[in-house]
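Features of the protein shown, as given by TrEMBL:
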SIGNAL    1-21  signal peptide
COILED    83-110  coiled coil
REPEAT    130-162  repeat 'WD'
REPEAT    220-261  repeat 'WD'
REPEAT    262-305  repeat 'WD'
REPEAT    306-347  repeat 'WD'
REPEAT    359-391  repeat 'WD'
REPEAT    392-424  repeat 'WD'
Amino acid sequence: MQFKKLFLLAFLLHKRPFLSLFQFHFGLKMCDQTFLVNVFGSCDKCFKQRALRPVFKKSQQLSYCSTCAEIMATDGLHENQTLASLKSEAESLKGKLEEERAKLHDVELHQVAERVEALGQFVMKTRRTLKGHGNKVLCMDWCKDKRRIVSSSQDGKVIVWDSFTTNKEHAVTMPCTWVMACAYAPSGCAIACGGLDNKCSVYPLTFDKNENMAAKKKSVAMHTNYLSACSFTNSDMQILTASGDGTCALWDVESGQLLQSFHGHGADVLCLDLAPSETGNTFVSGGCDKKAMVWDMRSGQCVQAFETHESDINSVRYYPSGDAFASGSDDATCRLYDLRADREVAVYSKDSIIFGASSVDFSLSGRLLFAGYNDYTINVWDVLKGSRVSILFGHENRVSTLRVSPDGTAFCSGSWDHTLRVWA
């Protein structure tokens, strides 16, 4: 009887993955604790009914029990080698790499910025408030026309807004709640979204507001856990996704074919951002393993990795030139990484800030970094000097998402208070 109860519990958790690690990241995060759940089923190697873990072998995902996973990990070791000795060797090499990096570290960013003139008085206000979601706003994105916004919410709805008039132009009800990702296509003719359904769905947009958008839905991507982020590449034909299954993937929108998968994160991937180049073939991702990783989209390989945060990375965003990126984390800091120097060059934090940063984005010039926090505020940082130049108040719950408009004249924030605000 006890075994049957355990099997039933494992089955329910397998069918409802949001009862596991998802609770920690997206809203049921009431304490500093992660709920880890093993899927129960047949091992792909020994075929016994056991708790399983995902294993990647030559880019193929398999489900192994812990015993078979350990046996696979030791395959190919020499006679005197052990996993412990290899880990020790890897840590030693990592230390040597850090030493070589330190030799090239001759000056701090704020020292170089001393000659730069300080910013003047900084005033931004809420210009529009978008109301219509019935629950927490989780994600938003701007259309390239600099006017329309798409947002997704825990209420299971995706809404397209006119940010000038605050009118709702389209609304889609998803088959599940917790729509954690949404994105506008470069052409402005389609939106993508997904969440707890583990899928990324694309909806074409038309001028007919009475048309049933759900009938034209196209399921493009399928992950083995929740979809945490999505972004179109430089065309409507390809889309990047990130997932709680620890992977990112590139998909063909028309056929739904997987073009490339990216394996390397040791836990849930929470965010991604595409390099801001017309021929950009790289993107950056961040996750619960505290790592920010830069990927080559053509080869599927990680080309750079940074691990200086002390907690989950909730947001990553490229600097406008593409030579650096910023990250926001649950450790209450935002950090700037220079890709050419291959190192962290700035930390944006204050002792008074004790809540995590949920979303970050740069101004069009790159001089300002906007960061939304779980204490309901938006902090504005001087990227060069590392100082805070403003605090924006208005939201009545944690700020979950933030994006600067394509023309840089405004930015929009979404919050757990069910609203979006346009600031300028």
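Just so you know, glycine gets a Cβ as well, placed from its N, Cα and C.
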Touch test for the repeat 'WD' (392-424) and the repeat 'WD' (130-162), at least 3 Cβ pairs under 8 Å: yes
Does the repeat 'WD' (306-347) come near the repeat 'WD' (130-162), with 3+ Cβ pairs under 8 Å (pairs 6 or more apart)? no
Who are the long-range neighbours of the repeat 'WD' (130-162) in its own chain, taking Cβ under 8 Å and residues 6 or more past its ends? 26-27, 168-184, 186-188, 191, 193, 195, 203, 205, 229, 397, 400-401, 403-407, 409, 412, 414-416, 418-422
By DSSP assignment, list the helix, strand and coil residue numbers for the repeat 'WD' (306-347), in that order. 0 helix, 23 strand, 19 coil
With DSSP as the yardstick, break the repeat 'WD' (359-391) down into helix, strand and coil residue counts. 0 helix, 19 strand, 14 coil
Looking only at the coiled coil (83-110), mean pLDDT returns 82
